[in-house]
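Before any comments, here is the structure.
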Amino acid sequence: MARTKQTARKSTGGKAPRKQLATKAARKSAPTTGGVKKPHRYRPGTVALREIRKYQKSTDLLIRKLPFQRLVREIAQDYKADLRFQSHAVLALQEAAEAYLVGLFEDTNLCAIHAKRVTIMPKDIQLARRIRGERA
């Protein structure tokens, strides 16, 4: 289609241009110094969903080994002093603990969804444990 020259037309009503606020006008007239770019941010929930997919794919342990080992030793001291642990024993305990927690959080999430919520709460954990028969 061939280009045609635009001719000025008389306005027939419509909205009158609004006056700019003083701050908006000052912002437009002031030159930008340095051109600092705002860092990119994902929408709320996007990173959480990405992390969920990442951790569901992986099979490695999520709790750090040394803090878990310290916790095991601290709990064991309540029962008997000077206990020694093989490294494989601590790893087996960690595998079992993480498997238990993952299962508990899955059930907790189902309890939250049943209550028409997406956020898990302590009452969901309590309900999941009660249904499992772990806590009366």
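Using the three backbone atoms N, Cα and C, a Cβ is placed for every residue, glycine included.
Residues annotated as region 'Disordered' in Swiss-Prot: 1-43.
The local packing around Lys5 (N6-methylated lysine), expressed as other Cβ atoms within 10 Å of its Cβ over all shown chains, amounts to 4. Following the DSSP three-state reduction, the secondary structure of Lys5 (N6-methylated lysine) is coil. Feature annotation from Swiss-Prot assigns N6-methylated lysine to Lys5 (among others).
The annotation N6-acetyllysine is assigned in Swiss-Prot to Lys10 (among others).
Residues or ranges marked as N6-methylated lysine in Swiss-Prot: Lys10 (among others).
Sequence annotations record features per position, and here Swiss-Prot assigns phosphoserine to Ser11 (among others) based on similarity to another entry.
Summarising the annotation, Swiss-Prot assigns phosphothreonine to Thr12 and lists similarity to another entry as the type of evidence.
The annotation N6-acetyllysine is assigned in Swiss-Prot to Lys15 (among others).
Look at Swiss-Prot and you will find Lys19 (among others) tagged as N6-acetyllysine.
Sequence annotations record features per position, and here Swiss-Prot assigns N6-methylated lysine to Lys24 (among others).
According to Swiss-Prot, the N6-acetyllysine annotation covers Lys24 (among others).
Under the heading N6-methylated lysine, Swiss-Prot lists Lys28 (among others), citing similarity to another entry as support.
As annotated by Swiss-Prot, phosphoserine applies to Ser29 (among others).
The annotation N6-methylated lysine is assigned in Swiss-Prot to Lys37 (among others) on the grounds of similarity to another entry. Its own atom aside, the Cβ of Lys37 (N6-methylated lysine) has 6 Cβ atoms within 10 angstroms in the protein chains shown.
Separation of the C-alpha atoms of Lys37 (N6-methylated lysine) and Lys5 (N6-methylated lysine): 39 Å, rounded to the nearest whole number.
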